[in-house]
Structures are given as C-alpha cells and as structure tokens.
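Worksheet for the structure shown next.
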DNA sequence: ATGGCGGGCGGAGCCCGA
C-alpha cells in the first residue's frame, strides 16, 4: 500500500491537480496540508467520486489538514489533545489493512518565521507537545505513520547551500526532529539509497525549481514495526513542474502489509 | 541588506509562507 503527503498551498487553487494526481498514482492514502479553506468548503464529494473517504480540519486563510483514504478512517483526532491550538495543524485517524491497524498522523508544523521570534517560540512549544502526543500514540499503535510538512530540513543533505544555518535548519529545530526519531520513528526516505540533492519544496522565486535550489522538509516517519514492511520511499517531483504548482511536491512511502 | 513569487483577502496593497 502507498501513503502520500502533499502540502498543496490552497486546496481550492490546487484541487484539479490533486484529483489528477490521485487518478495517476492511485495511492491508498493522501495526507494534505495548507488547505487554506474553511471546513464547510472542503470538496469531499470530488474525493468520494474517486472512491476515497476524507476527514478534514480547515480554517479561513491559513493552515488546514486532511486525510484522504480508500478504506474507512476511524478513531479520528482533530488537533493535538496536549496542545490548545486555534491553528488547524494536526489530524489523525486509523485505517485497517489485512487485519492490521495503522495509525496515521498528518501534520502541518509551524514555519517559525525567524530564529528568536514569537513564531519560533510557538514552533518549539508546538513540537514539544507533538512529542508528548507521539509518545502516547506509539504506546497505543505499534504501526504508526507521522507525515506532513515538518518545516525542518533534518540534515545538511536536505538543504540547498543557500539555506545553511537559517530557519528550518537551525540546531534547535533539528533537535526537535531528532526528539521524534528518539521515540522510535524513522525517516523512511533515508531507509533507501536516494539521489543527492533530493528536495520536497522549492521557492517560487528566482527559478528555484529549475535550479533545484530547494529543501527536504516534507517527511514520512514510520514506527519501528513498519520499517520491516517498508519497501520504498520517494519524492514525486512531477507536480512541481505543473502550471500554477504548489511550492511543495508529494512524498510517498510504500508498505507491504502482507509481510 | 532587500526583495524576489504566489495565495488570501478584498477589491489596493499588505500579510504570510519557507
């Protein structure tokens, strides 16, 4: 089965691209971030017509997350129960596959703006609370996928030279990423040989995509139990070359749940 | 050092993202 994540930077602008991508890839699960859409406007019917169910949590102008799945979504969670947050940045649910439960947690992590800012403090507190939630969730669900836009490039390999030492790559942010791995999560992308300079986001400005001046900030973290079932993890760069693209492109993990 | 592009909001120009 394939599980994907895509920060679409406005679902209303990107809906045709998302539907087209689902038709082409037929992933089992797609986690979306940055809907920038009120919940009442979520186009659930368009996903139903393709055979997908959906749960979502939106708000006007900013943030917003959703999970689209071919199989039923249960035990839904909207927002982190350990963090009172008006910003819609976390949604979670279970899927059943071959009599096994997989816990899916979809996140749009804060950007942080700049080091030392109030938004950076919010980012750190948000990740502290995410860590508490994940510790609890991993105790309950051995098969767990934490995916989304982390707004952290975990390693120098994940960074175009220009961004060295700045927001998204600071030691404090990378420590937050390490803290999640320390709970028993793995960066699925790094379980496999990958091309150098593999990124998931490129600035709209200065032909950054054409120059491959990007960052790898969208991730699929999988629990210990799932590493044995993980057969691939990749980035699909194609949608970033679309007309009017999102600045992020989808990331995909493949799990063999018969193994 | 600054702004650069694109989306939302609102109906011009600013805030925000990464």
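Glycine is treated like the rest: Cβ placed from N, Cα and C.
For residue A:108 (active site), the count of additional Cβ atoms within 10 Å of its Cβ stands at 24 [all protein chains shown]. Residues or ranges marked as active site in TrEMBL: A:108.
Following the DSSP three-state reduction, the secondary structure of residue A:248 (active site, proton acceptor) is strand. Residues or ranges marked as active site, proton acceptor in TrEMBL: A:248.
As annotated by TrEMBL, Mg(2+) binding site applies to A:7, A:34, A:149, A:151, A:247, A:248. Listed in sequence order, A:5, A:7, A:33, A:34, A:107, A:108, A:109, A:217, A:218, A:248 are the same-chain residues six or more apart from residue A:149 (Mg(2+) binding site) with CB atoms under 8 A from its CB.
With a cut-off of 8 Å between CB atoms and residues at least 6 apart in sequence, the same chain places A:109, A:110, A:111, A:112, A:123, A:168, A:173, A:217 near residue A:151 (Mg(2+) binding site), listed in sequence order. What TrEMBL records for A:151 is site 'Transition state stabilizer'.
Summarising the environment of residue A:218 (site 'Important for catalytic activity'), the number of other Cβ atoms within 10 Å of its Cβ, over all protein chains shown, is 25. According to TrEMBL, the feature site 'Important for catalytic activity' maps to A:218.
For A:248, the entry in TrEMBL reads site 'Interaction with DNA substrate'.
One way to see the shell of the Mg(2+) site is to take the Cβ centroid of A:7, A:34, A:149, A:151, A:247, A:248; the remaining same-chain residues with a Cβ within 8 Å of it are A:9, A:33, A:108, A:201, A:217, A:218, A:246.
Annotation for residue A:247 (Mg(2+) binding site): same-chain Cβ neighbours under 8 Å, separated by at least 6 residues, are A:7, A:9, A:201, A:202, A:203, A:204, A:240.
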